[in-house]
Structures are given as structure tokens and as C-alpha cells.
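Read the structure below first, then the notes.
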Amino acid sequence: RTDRSTLSEKVEDFQIRLKVICARQLTGSNIKPVVKVKAGKNQAKITRIRKGSAPIWNELLMFNFNESLKELYDYVFEFALNNSRKLRSDALIGSFKLDVGTIYDQPGHAFVRKWLLLTDPDDASNSPKGYLKITVCVLGAGDQPPDESAGKDDDNDDVEGNLLTPAGASLRAATFTLRVYGAEDLPQMDSGSLKSMKQRIGLGEEGDITKTLVDPFLSFIFAGKKRKTQIIKETNQPEWNEELNLPLKFPSMCDSIKLTIKDWDRIGSDDPIGTVIIPLSRISSTGEEANGAGTSLWKRTISKTWEVCFPPTFGPSFVNFYGSPREFSKLGDSLDDLNIGKGIGCAYRGRAMVELVTTMDEEGAEPAPPSQPINDDQIALVKKYMRRRRYRLVVGFESANMIRKPLERIEFEVSIGNYGNKFDTEVGAASSTTEPGNPVFDGVNYHYMAWTSKKPILMVTSQWEDISFRLYAMNLILRTCERMEGQINHLNELVKVEADEIEIASEIVSILDMLILETSKKLPDPRGRTASNQLDRRIHRQRLQTFVAICEEAKDLRQNCTDAQEAISAINDFLERLKLVSYEPQNSLPDVVVWMISDNKRIAYARIPAYEILYSPEKPEFCGRYCAKPCTITLKYPTANAKSKKHYKVPAQLRIIAWLGRAADQDSFEFHSRGQISVYADTFETEMKILVKGWIADGYTDITGEIPLPKSAFSCPPGWVWDGDWKINSELALLYDTSQGHMHVLEDAFEYQYRFPGGTWEPEKITNGKHEEIPNLSSLRIPDGWEWENEWTVDSNRACDEDGWEYSAPDDDTAGEVAWSTIEKTYSTSRRRRLIRNRVCIDQKVSKKAEKTEELIGEGWEYATTMGSQFHIMPKMLDLVRRRRWVRKMITSEASGPAAIFNLDTSIVIQTVFEFSQTNLHKQIAKKSKKIHKIPTPKIYIVYKDVSKLHLRAYIYQGRDLLPMDQDSFSDPVVMVSFLNQTHRTEVQQHTLNPVWDQTLMIDIQFYGDLEHLQRNCPDVLCEVFDKDDLGSLEFMGRTSGKPLLQFDPEEDETPRLQWLNIRKANQAGGNILAAFELILKSDKREMPIPPPLKPDIHVPMVPCGIRPVLQRTAIEFLVWGVRDMQSFQLLSVDSPSVLIQIGEVEIRTKIIKSLKKNPNFAEPIYYLEANLPVDDLYFPPIVIRVKDNRKFGRRPTVGQHIITNSISYRIKPPPEESHEEEEEKEEKSFVLSLRSIRDAIISKFKKRQEEKRIREDEIDWWSKFYASIGESGMAGNYVESGLDLIKVYTNELEKQENFKHFGDFIQTFRLFRGKGVLEDEEPDFAGQFKGTFRIYTLPEDKREPNPPKFFQNVPPTDVVEVKVRIYVIRAFELAPQDSNGLADPYLKIKVGKKRIVDRDNYIPNSLSPTFGRMFELELKLPMEKDLHVEVFDWDLIGTDDKIGETVIDLENRYLSKFKAWCALPETYCISGPCPWRDQMRPKEWLEHKCRQEKWDEPVWNSNTCVMVGGNTYKLDDYEKDKKACEHWGDADERLALYILRTFPHVSEHVETRPLFYDALPNIEQGRLQLWVDMFPKEYGDPGLPYNIEPRKPSKYFLRMIVWNCSEIPMMDVSMLGDKMSDIYFKGWISGLEHKRQKTDVHYRSLDGTGNFNWRFVFPFDYLPQERMVHVSKKEHLWSLDKTVTKFPPVLNIQVWDNDLFGPNEYISEIILPITNMPKCCKFQRFCTLENVPDMQGNCKMEMLNLFDQNTPLKGWWPLYKVVDGVREQAGKLEMSVEIVSEEEEVEKPAGQGRDEPNMNPKLEKPNRPATSFAWFSSPFKSLRYIIWRKYKWIILGVLGVLVLAAFIVLFIYSFPHWFSSKGCMPFI
């Protein structure tokens, strides 16, 4: 992954382009998937809803961001695929997360046609939920979208091999467990006013309340998920002891873990304290880090031996947080954005102890809670990682220069972590700040601290955990990388200058030897170390593997490599691998921060990584690269604004020596300097002023006056002795005057007035520049030796009104806090204005010898009103206190060394505290203040007794391509050269961007320091370029630096060499300056070099001979063709331009163009010039092109300019005289010999043509030719077999092809600019174009020798040319969406000059890839109408149409080019067919024209198949030997002439692809447009007919499908009597035509899964055979105006459903059949299985057919299936017949839907269904018969029989007595 620290923080426009292509194998049945994409913070877009488990979208989504790349890098993209049929809570099918940084790190910043594995975050089984195919890219300015043409064959798409996961890895459920133990050193975040008030009234606790003014908690963010700890209130050292669990799918495509400590606020948002980002790639490994791109067999063996793969692991370790300064402000801070990770933090904000553990979740395991406490055993275990060791930090200041502003009371502070922070009361006192002092003006531009022989040393003692083993390994690898980079740079220089191969090979061997030696060294082993953890051991194994692998490969390379480029590539690969393992993620040792403080305000800072100055007692190579070595650091202004000018301003530059080591190693401390370390103990004698008694002694205190500090409290620590007695030191009182060094000083004062609301302004007071009230202006006196230069005037050159007043609100009553406004309001009650007056020094000696001041300084007293106010030297009436400083010097004893300084904090402070404790010091302090004050520490210095005299010579020769800083496109550059404490400047070069200073700056320097240090680590000479304005102010243009050549040895005499130094202005390139430097040590043994000669006019030293470039006689030819598109200047149009061209000190001026509108070309375009120019290309001056407008009254302003810095491409060898006689003789011989066998060739050709098979013309059109040319044979028909020629389809603009070189062979186009860029990296305003070119070649030094012939000959005339232009616009693709539906309605607009063609009526609705197929024709005049604008707009019904983008074509360059880009040449000459010859003249005529143009003889023809042109013989048979003859070909001589024309520079028949751009998103493509342009000059006649490129239209087809029978359908219902059954019916539709789905009637009560239907489906659809796509045209919404044409693959979908009367119908099974690739049916039912259809991997045992190729219907059995848990299961069989008929066949053989009329082809009878098939609610009698009677008839009969019998019995019993009584008793009566 890219190192985030190297990413740009500049806010730019980015576009993330996402194409959602399709999905596969989605889980679920009968689903309607939709993709929702969340991008960044608050952007989200969704696709349209599709249907099925394999939906196709092909939708383009665009996300625009205006962010810095550093911010964009961490944005997360979340792809969520949902089922739109379900509720939102249960709609998710699967998701995938990906951060932008992963995309940006890919080649081309893109993933092209990659599959995403979708998973459900809440699914513990981790089973795949499907695959989503996407293309995503990140586009910045100038980036091109990826080419998707490769790999579009979806049929052969390997999902597993193209899956967007690490190779061989499968997603598993995992959990990130972040154990947060605690934090420390957190700053104050809340106001303490309330608690202070409670303390005063006795309600609060005593002590320092700053520790309780923060309520911290920590948040943990990864991949958009967030966890946070509990809030611990009122403590700056919280102990959370909490585990944060965050579930994820591993491996993840997101790379950044973000930890943020925040302060909880009761009201408002929480305030961030600090943020740190941990890249996952730095704390985990895939095993690929050690192995380069080309892994050898040996390396693979090592990789198998050592397993270095491990999941993300971290800690337990501290993590340091950086951000804004720690000091609390109630009003907020503009630097608060630093606390959220924007920008580079300028101060230490605290640290937290954390541990990250990755655990793989077991299947079925319960997820861990989001937060839980850490167990006690783990807390006890982590204690060992918190063990502290004492560290010593020593920083010696050698110089502080380039201080930009004359600040007062400047001091420098050094801190590491919280130790050394002078404003922090929680840590003990330390010698961490220098003595305050005022800087001295260097006489030119900067100020410096006047540290001469006595230079301050600062010492800070701190306590940290011992992680030295981590930093030792890091330093060892970094040292190796640093050495390799230096040697690789030298090697590249040798290759660049084409050095001898032996020298290059020797350098390669030297690098490899060094690398073998370094990688053979032993790395520090973390095992056995106290602070070592699991990540340390894994990183150690990874580094060991890398070292061993690189060592073995380097040895092998050294022995076997024979190719230098291969070796250089391998060495660079070694370097990258070493850099990759050099990173230390657990560097818990805070950075060393150096602050520049003025008047207790932090001004500027520098951060020094602690490992760079760390000392190692084990091995020297383990030490940091700057440990005990002088180094130069440049301070920076703290800012969070990426656009701030503070990024390129240098507030100060320091030269320091730093040492950091453990206290156990402090005896090894050594600066290796010849200076003597001295210590000064100091105390302040204070006196108070009483009205009657005067000044009364008040004892001795520290500088604050709070701590009593008598002289007796000091005693010498061990190793030190006193050097003299106490004496008064007036250095603090004698702070250097800020005006010292100036000859002119601007004094200022402020006049204040006030008023009551509605009243008039009245005088209030007058103050001086320091806002101290004075009686009047005359009371401001100037020092002796100075006098006033003018009177007091009002300063109106500031933010004020015309009288100089600025106004304030009524609530502001303190001058230093007032918010002043330039507008007077009715509520304004106070105003002020600034008065200024210049004073000039007339005698500096008088001012320094003022008697009274000298007397006061000698006494050393400083005066002030109170001890807390500002002290000054001159006493005043209101002064009540005064003080003076007493110092006593200590030096080290002879036995002790520099390490004795570490005894100071253990002896002097202890003694001091002891003495103070005897006098109840703390009680005295407590009475004065509740605040605990730090005991002052002694001041440490290093004293140099000797002074060295140095002489620096800076040779500043010239500059080139500097930044324009003035509105006239120029600058007035001057160079400031700074070295140590001295600054000199060159002369100002007026009105140029390519100045020639030719000046030597000589600087004499008094150097107090160690010469050996200077010789080993000499600082760079800094060169800053400024623009001098008319008012005299300097505007920064950029800076650069160079190494001086050291001349310390009297016997050495080496000459410096001029070099181009790159100028930078922050991140912006600012040109170059040609300079060299040498530093000479003055001594009696050395003779100083001769002073350089002086310039005759201004007496300025020039660059001497031997250093300045060597010149030679040179010829320059200029072809000045004309100017174009000149923009207005000063509200006036440019009408009469001329051109001024400068090269070095020579120039030419062209004649004036009389009327730019009539003809912008020069009548005389050729100019010739001779000049003396440098021999070496390195020193060749730039070519400056200036266009001037010749206006009335002699005014000639520069209206535009262009600078050519690299003129090598224009340098040529002198054109020689050529003779062609011998060549012509040879060609004639070959011509005669070639005449033999011509007849035989012609006859054989003719026979071949007769034998060729004829092709049907109605099957071929221009689109066939186009698709065949781009490789889409399926859409080209049989064009390839026809033998016709193809065209070239370029993937970008025609002029950008390598052969054409922007058609700049005749003239080139140079963009003209003027003015200056307002913002960084912003180009100046576009001013126009210059058309022309140059040629430069050397001339003989002897002028008597003849000059070579001139280059520019036979130049065409510059007159106006009339042309007919035809623009063929083919299609566009990947257009930026403009409408809310994610689509656009594009149409074309053609614009040339004032001519317009608007094709609005032919807009294409709802398309991002429209096929236009439009031709436009215009008649134009060149060069006035040269720029052809082809624009694409989005049609809107209401409001103005939106512009999507445009492309611009320069027609003039194409017309003038030797490639004849008017009308492209086809491969063959055809007179008929789809693409006949369309040019104005036939090939033979153009060939004759070419001969006349080149001044050749006329072509000599020998029959129509052989010709001699330009001395060469051409035969037709040579070109058509292997070609297939075509009936459309023209005559043989015309064909041969065309072949000859194609041997000359030409443009072949083509289609170019041009990007579209839009002004709102400059340089970011908004789509691409394919087109070509033909031009026909009228002088050559009328052209042929244009090509017909109208788009193809789909044809009407009908798919007829007859559902005959089905079987084995699963039973879905149970009847009331317990029978399983189904009410079966079928649904069918073609993909994309779901709204036209059809269904059969219902086969009720299928008891065995069998159904009979005899039902016909008739699906009409529009189909384009060449594309194999179904065109669906429909309105997306009711309110849509146009129908959207959507293309779908032809897929037949068939589903089986169970019909239910109550409730929804139930889905049973389905089959999906691609019509163009469907499996053949099975004739017998028993053989119909799932193997007959393709499975998930595409395997199928049946033959695949294209239904369009079948002449008869397919009839047979197909299996039906359903998906259960991602697996297909067979669920029935279907017998059907299916066929496709055309619209004509449909008319001839009609067939009705279902069994409707016309029921024919074939006629469908009513199905013979079982009698049980009926609907019970419509046939109740059948229900009784077939439902009840059929199953229970015997029971019913039995019941009826029993009932009849029972009735009989009942009747018998009932009737028998009566019968018996009536009949049986008759005989007895």
C-alpha cells in the first residue's frame, strides 16, 4: 500500500466511476435484486431493479468528490445487494466493503471487471450469497478510465480466478478485538473557570485542576463500523481496561484502522483530542512482502520454510497522538482540524496503550459483545509493557537564521512527548528552552540569532518504555536504503550520460557488494526483550526472510547477470522491498518537537523522529542517521489549511546537533566537538519601589518572581567546578534592538477615537506601535544617530476606509483583542488608524554609544510595572519593580567529560529544593498562587574559542521557466542566497521569466564552530527567488538548495560546475536556476582565487570563465506561421499582433499582422538568426515566445507568452547536399528486370477473382466494417469473409498516436499564457495560441566556410483556404449521468467559430452509451475557423440543457501535416460496395500531385500494374499477392497508386476515440466519443458521396412456445381429505419483457405431479442479430416522456406455480434458457435430468444450440429446478416445443395465443385432462363425484345400505304390530 504520509493534502476534484455489470448465483428464488452503493461520508446511489438470480445491470454510477487524496484514501465503498421484494430489515442478500485506497493502489487506479464475493455480515456460516461484477476506477485530473474491451466474453468468465479477494483466500468471519488499557498525557480540553471558582469559595479540591479538565473516550473505526469505550470523566490519565469487539469478514479489502481520542462534552459535539491511523498492511502479512515481483525457485523454497503470514496484530504498545498545540484556548483554535488527522500534527497530544487481536470465529459461535471489560489477568500481564526507562535528550543549537519576521523575545523549546514543554506544569523543570533574545537583521532580508562563540544546549530527561530493539532494526534498514539510493542515483547519472559499459558494470557490482554485506548483518532479536510482543517477533521473521532472500538473489545477480538494465531493475526492486520492511508500526517513542516561541506564543515548529537521533551502544549502524551529527532543520508554521501560504513560507532555519539515548548509556554521550561545555547558574535580584523610600531590595528570585532563589542555594554538582564569582549579566536586558542592521526603519503609532451611539467622533488616545499609550506623537523620540526622514502620514495601504480608519464593535475595549472592520456601522463606538513615519540612520556609532543607555545597561536593571508585565531598559514613571540578572559560570572538571551535564538535574535542583525547604518555600508559593511552579534549571552552552573565516562564492548564472507573478505574465526576479547567518542577493532582472543574472555573490562569514563538523555535514546553500513589485515588496516565487564545493585543503583546487537546480513553491514546480557554489577556508597558506570580472555598466561580479558555459556559433531558423484564439487584453481585442522570440541574449521580431480577423497568418513566415549559444545541451537557454499587440500611440503590450525549456527536440544536424544519381541507376535496372512475369501475374490474379465466392451485399454495411475492425465478429456478419478491408479504431485521439505526434511535423501549436495563477498549481490565464516551429543547428566556427543549406524550403503559402468538412459521429459511451434516474438524453451540437449545428431533435433518450450514427457537413475557412467543437448535451424538457462534455479538434494542423489528414486512405481502392472511394481525386491524381509537391519526375507507368515513382519501382503483385479478390475493387492502376500513397506518411481510414471534458471538472473525462473527420479543400474539386452510417434498427421476431405436458411436479397443497395435490400453471417471459409475461390455464388437482396444457405462448420482441441483444423500449414511469431502450440478452424464463384461491400463489420451480445458447431438449422423459442444463460452472452434457439458427421447432423434455441453500434441486419436467419466427413468417403462418384463434401452426386441441382436474368452487357436483364419491363410495353405499336396512327394520317394527293385528288375527275373528 502507498504510504499515507506521502499522499497529497491538496484539495482536488476526483471522480469515482463505478459500473455495475451483473450478478450471478444469488441466493433466493423469485427475487428482484437491486444494488445500493454507499460512497464516502454521505453519498449513496442505487441501480434499477432487476429480476432473477443472475440479473444484468450494465449501469454506470459516478461519484464526485472535492477532497484531498489523503482524505479520499480512507473513504469506504459499501456494495449492498438487496431483494426489493422484502422488507427493509430482511432485504439484504449480501454485501462487500472496499476502501478507495485499495482501488487507487491498483494499476491505472482501477479494478476492471472484477467479481465481488457477497456475504452477509450477520451470517456466521460465511456462506457466499452470490457474486457481483463491477468495474471501478478513481479518476483525477488527467487520468483516463480503464479500457474494458479486454475480457468481455462473459461465457468464459472465470469467477473464482477473477475474484476481488487475496489469491487463494476465502472469506471467513473474524473479530477485531481492540483492548484499550489506558491513556496518559492528555491535554486540557474544557474551561476551568467553574472549578477555579469552586476552589476560591472552598467547594473544590485543592491542587492542579488542569488534570481534571478532560472527559476522554476512545473510538475505534474500521470499514465504516465504529466502537467506542466508556467515558471517564475529569482525568487526563484514564484507565478504560475495555475490550472493543468489531466483527468483519477476513481478509478485508479495507486497510485503515482509525483510533481517535475525544473529549466528551455535555453540550455540543465531542472535541477530538488526537487521531492516529494504523494501516492493516503494516501490521499483517500475506507472505508477499519479502518476495519481489519475480520470485525465483529458491525464494519460493524459503517462503515455504518460513511462514511469515499472519493476521492483523498489534501491541500491547503505546500509540502516540499528534495534533494542535496542547495549550487550551476558550475561543477555539484554527488548528483543531489537525486533531482529526487532517494535515501533520504539530504537537504531542498524548498516548494510549492498546492491543489488537484478530480471532477467526468458529461456525455457530455466538458473536462477542461490542464492549466488555478486560479480565484482571490480562491487565496484570500488560504491566510489563509499561516499564519505563530514563532517556536523555541533548540538543545543541549552532545557528538560527532565516527568521522571517523581526519577532521579539525569541526562544527555542525542545520537547519529547510532554517532557520539556515549558507551559506544562505536570512534568518537572528541564533545560528545554534557550534564553529569550531578539533577532538581528542580516542586512538583506532575514534575521538571525546572534549566537557567536557561545551556543545554547538544551537537555530534557524523560521516561519511556525501552523499545530500542525496534528502532535499531529500523535504523539499520534505513541506513542501507539511504546508501542504496545514493548509489542508484549515481548509477542513473552514468546511464543518462551514456558512460562506458565497464564503468556502469563496476558501479552495479559495487552496489551489489554493498547490499550483500548489509543484508548479511544480524538484526536485533526481539526475543527476550521486555517490551517485545507477538508482532515484533513476526516482523523480525519477515525481515530475516527478506534479508536472506535479497542476499541470495544479489549474489546470483552478481554472478550471472549480463544485462545492465535488468540489473538496475532488480536493484530498484531490492530497494523497494527493503523500504517495505523498514516501517515500524509500534514506534511508541514520541517525536522530538522543536518550537520557536516569541513572547510566550508558539510561532513555528519542526518534528524530528526520535529514531533519527537515537544512540545505540551495541553497533554504530544501529544509531540514527543524525545522532550526534549536525543537521539542518527547517521550521514550519502550524496550519491545517491545505491551501495556506504557510506551507511554502519558512519562518526560520536551525542548525542543530542532537543526541538521544538511555540514561544507562549517558557516559557515551559525545558531540565530538572542539567546543567546551559550560553551565551558567542564574538568579534575579529584584527591588520594589516605594514612594517615600525609593528602591528597596526584595531578595533573589527566578525569572518569574514567584520562587525565591538566593545565591546560596546553588552548589556545584559532581564533575563541575565554579569558574569565577557571581557577576551581573546584562544580556537579557540588552536584547538586540529589532531595528539593528537596518538603515531605514518605519515607526508607527495608532490614533484612537470614540463616540456615543448617534454622537460624533472625539479623540480618545494615541499609542505607539506596541499599543502603549503616549501623550502625543512628538513624545516618540528616536535614538541618537537617527533622524526623521518625513512627517507622520496616515497608512491607507491596509484593510481600512479611504481615510485610514478601521472600526470596532462596542463590546471590544482592549486594543489587542478588538475585531476591527473596514465598514462603519451605526453601532460602531471606536475607531483607529495607523500613522507611519520613516527614520534613517545617519550615524550608527552614535546610537550605540548613547551614554545614558550604556550606563543603564552596565547596571543591568530592567524595569516594569509588575513582575508579570513586560520589562524594558529605560525607566518610566509608573515602574514599580526592577530586576537584574546574576550569573555564575561552571565548567566541567578535567576528569569528567560532556556527560557531566546529566548531573545537573540531579544535584542543583535537589540542593535548591533542599535549601528552599528550609525556608518554607512551598508555603510561600502556596500563599501567592495555587499553581505549582517549576524550579528553574541552569543554562548550558557550548563555547568555541576559535573563529574561522570562510568565503562563500555563489555563481548564479541564469534561470528558466520561472513563475509569472505579475499580471503582465512576467516577473522581476531576484535571488536571495542564504548560508549560515548571511544572506546576499542578486540584481533584479526586469520583466522576464528567464533571467540571465550572470553574477557572482561573494560572502565572508565569521564561523564559530567546529570545522570538522562543517566539512563532514556541510549545510546546503539556500536560494530563494522573489519577485520585486513596483512598491519594492518581495513576493515569494520558490526556493531550491545546492551543495557547496568545499575548498578547505590549501592543496586542492577544484572548479565547481554549474547545475540546474529545481525550484519548488510548496508542491508546485517553479522553474530552475543554473548555479554553483564553493566554500573556501581563508588561511595564510591559501591564496584566494582571483576576483571575477565586473560587468561594464553596473560593476557587478560576473560568473568567471571556466565556470560559465562554453559558447559556439549556432544557426536558428524560425517558421512563424501565425497566432490563434487571441483573448482580449485590458478590455480590448487583439487586432494587430506581432511576435518577439528570444533565445538567450538574442531576439527576432516579426512583421505585424494587419488584420487578425481576415488572416491570422504572417505573410513572411520564415526567419533566420545566428548567435553564440552554449555547446552543452544542459546549459542551452530557453526559447521565449512573446506575442505583442501593436496599438495606437506606440503601445505594444505583451498579450501572451510561451516558454520552451527543452530545445533538444529542435536541434538537428546541418542538412547535407544529397545526390541521387547512383540510386536512380540502380532503380532503373530493377525496373527493367521487373517487367518479366507481369502478364502471368495479372492472368493468375484474374483467375483467382473468378473463383471467389460472391457475398450477398444486403448482409454488409458500414457497421459491419466497423464491428469487424474492433473484433466483434458476432455483430459484423460475414464481412470478414467478404475480403473487404478494415479500418483502424484508435482508443484515443488521432493526433496522440505515436506516428503522428500531434501533427506537429510542419508546425506546432504553443499555448500562450499571461498573468499569474491565483492558487497553487493553477496555470496562468490562457491568452491564445502560437503556430510555428524552430530548427537549431551548428555553424562552422570559421565564417569563411560556407553555411549548410537552410532547413525550411518549399513552404506552402499562408493564404486562407476554403474546405468542406464532414463530421461522422459514430457513438459515445460511459457518458456522465445527468438525470435523476442515473441516465441521460444525449444529443450532439457542432460548433466552429460562429457556425452552429444543433441536433436536438435527434436526442437519444435514457442512454449513457448512445449510438448516434450522424454525419454533419460544414463549409469552413482555415485558419479562422480551425477549432471544431463537438459537444454532447443532455436534453431536458424544462430548463436549459445540461452540457455533458465536449472535444476540440484542430483542423489546421491536420490540413498542414505531411500525413494528409484531410481524408484518410483506405486499404484498397473500391468503387462500389458499402465503402466506395470518397476523396476528391482518384489515387493516380493524388500520386501525380505528390510527385509535383516533392519535385519528383512524373510517374512512369509500364502497363497498369507497374510504375516508377521517385526512383523506386512498385508492382501491384507485391501488394495483392495474399489478398482475396473482391468484386468492388477498382482499376488496377488506381489500386497500385493507392498502395504507393500508403507507403508515404499518411493517415489510414480510421475511427478515433476522443474524451469529453467539462469545465466544471477540468481534466476529468465525462465520457468518450467515437468519430472521424474528413476535409476537402475546394481547390481540388467536389468530394464523393458521404458514407451512410445510420444506426442499425432491430427486427421484429416472435418466440412461439407450446407447453404440452409436465410431470413430477412437487405437490404443494393438501386437500381437506389429506390428499397431496397441486393446481399447476406456467408463467413465461423473455428477460427485459417481464411486463409482458404470459401464463397458461390451471391444471387443477394434479394428484401425481402431471399436468396437461396444450397452451401456446407467443412473445413478440425486437432483436438485433448482430448484437445478439433484445431491445426493450418502454417508459420507466408514468410521467416519463420518452421510452427507454434497454438491451438484454435473449433469455427465456419459465416458472411453475401452484394456484391458490386464498392467499398468494406458491412458486414451485423454474428453468432459464438463453435463446442463443440453450441446451438441446431430451426426447424421452426418463432421460430428463439436471445434467441436461448447465450447472453453476457451465457444465452440460447436452449440445448447446442457437434457437435463431433452427429451421424447425425444438420439441422435447427439459428439467425444472429450484435453488435450495444455494444448491439446485430438480423439481419437475416440462415437455414443450419452442421456435422463433420472423415478422414475415408470423404473417404467413399465424398462430394465436393459448388456444385462441387463429389456432393453427399447429392447431392445439383442448388438453385431455383427467376428470379430476377441475375447480371445486365452480363444479360442486364434480367435487362430490370425484372428491368424495371416488374415495368413499363403498362407505357411502355401506352407510346407505345400513340406513335402508335400519329403515326397513324400523318400518317393520313399526308396521308389524298393526299388520299382525289386522292380518294375523283375522282367522280368529
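A Cβ is built for glycine as well, from the same backbone N, Cα and C atoms used for every other residue.
Taken verbatim from TrEMBL:
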| type | residues | note |
| --- | --- | --- |
| DOMAIN | 1-116 | domain 'C2' |
| REGION | 143-164 | region 'Disordered' |
| DOMAIN | 155-299 | domain 'C2' |
| DOMAIN | 934-1061 | domain 'C2' |
| DOMAIN | 1092-1220 | domain 'C2' |
| DOMAIN | 1345-1464 | domain 'C2' |
| DOMAIN | 1579-1729 | domain 'C2' |
| REGION | 1784-1804 | region 'Disordered' |
| COMPBIAS | 1794-1804 | compositional bias 'Basic and acidic residues' |
| TRANSMEM | 1834-1856 | transmembrane segment |
Checked against DSSP, the composition of the region 'Disordered' (1784-1804) is 5 helix, 1 strand, 15 coil
Thinking of Cβ pairs under 8 Å, which stretch from 1-116, 1092-1220, 1345-1464, 1579-1729 has the most of them with the domain 'C2' (934-1061)? 1092-1220
Using DSSP, tally how many residues of the domain 'C2' (1-116) sit in helix, strand and coil. 18 helix, 61 strand, 37 coil
Take the domain 'C2' (934-1061) and count its residues per DSSP category (helix H/G/I, strand E/B, coil), listing them in that order. 6 helix, 64 strand, 58 coil
Mean pLDDT, the domain 'C2' (1092-1220)? 87
Give the residue counts of the domain 'C2' (1092-1220) per reduced DSSP state, in the order helix, strand, coil. 9 helix, 54 strand, 66 coil
Provide the three-state DSSP residue tally for the domain 'C2' (1345-1464): helix first, then strand, then coil. 9 helix, 53 strand, 58 coil
